[in-house]
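Only one structure is covered here, and it is reproduced in the block below.
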Amino acid sequence: MTQLVELKEVCLSFDGRSVLDKVSFTLNKGKITTLVGPNGAGKSTLSKLVLGLLTPDSGQITRSRDLRVGYVPQRLYLDPTLPLTVRRFLQLGKNGRLSIEEALNRVGAEDLLDNRMQKLSGGEMQRVLLARALLVKPELLVLDEPVQGVDINGQIELYALISQLAAEFNCAVLMVSHDLHLVMASTHEVICLNRHVCCHGEPESVARHPEFARLFGRPEQEVLAVYTHHHHCDGEHHHHEPQVPVIRLPSRNQ
């Protein structure tokens, strides 16, 4: 398994307040890692460290040379009076027509090309932002709350799409969960963060961990009849109808 990013004992403080304390993990090619934790746990800050937008106070971050990174931000503010179509938005990075159309096709948003950005639904906006991230042909995808503002069916579709793209590009994925109500079954590893790494591992093992239970209570295990995700010995990712186990976490308001 090819390692793309490694964090070792990373610490970061803002105004004398510790935000991250001795955080260590790796991001590997073809592996989906989901970062969960309560508000103020340092999740978005950690993603910015991975992106190189922040520098740690101590510890070490190692990235593979010339790493191509696609990023989907937590939110995108657009002036409502700006006449910006999806086409023009994706052309801002000097991307060509064929590349833009191919990226939109990959995320199932080819019909949105001439729509105004400000008129997109939550799910449509996330697909367009994901298409933009794919234009760099990423080795690493960093997704900060990729299903924010999307209904439950749209969330499931986006999670399945992310899993499909990770397999197609054979890229690493770091996904930040903010609302904490779903962790997709296709995640290879969950990192539970509360300024430090409380626990990590496969979703089922993390859900049973005492530290996870202390932060979130005992999550209810449910089965949603949507799709299943299996990793076969041939290295391929296979989706089958109709069941997927999903760990449902308490929302931050509970």
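Just so you know, glycine gets a Cβ as well, placed from its N, Cα and C.
These come from Swiss-Prot:
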- 5-219: domain 'ABC transporter' (DOMAIN)
- Gly37, Pro38, Asn39, Gly40, Ala41, Gly42, Lys43, Ser44: ATP binding site (BINDING)
- 233-254: region 'Disordered' (REGION)
- 233-242: compositional bias 'Basic and acidic residues' (COMPBIAS)
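Features per Swiss-Prot, on structure.
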{"residue": "Gly40", "record": "ATP binding site", "Cβ contacts under 8 Å, 6 or more apart": "none"}
{"residue": "Ala41", "record": "ATP binding site", "Cβ contacts under 8 Å, 6 or more apart": "Leu193, Asn194, Arg195"}
{"residue": "Gly42", "record": "ATP binding site", "Cβ contacts under 8 Å, 6 or more apart": "Leu12, Val19, Leu20, Val23, Leu193, Asn194, Arg195"}
Additional residues around ATP, ordered along the sequence, whose Cβ is within 8 Å of the centroid of Gly37, Pro38, Asn39, Gly40, Ala41, Gly42, Lys43, Ser44: Leu193, Asn194, Arg195
Average pLDDT across the domain 'ABC transporter' (5-219), rounded to a whole number: 90
Number of other Cβ atoms within 10 Å of the Cβ of Lys43 (ATP binding site) across all protein chains: 23
Binding-site residues: Gly37, Pro38 - member with fewest neighbouring CB atoms within 10 Å: Pro38
Neighbouring C-beta atoms (10 Å sphere around the C-beta of Asn39 (ATP binding site)): 9
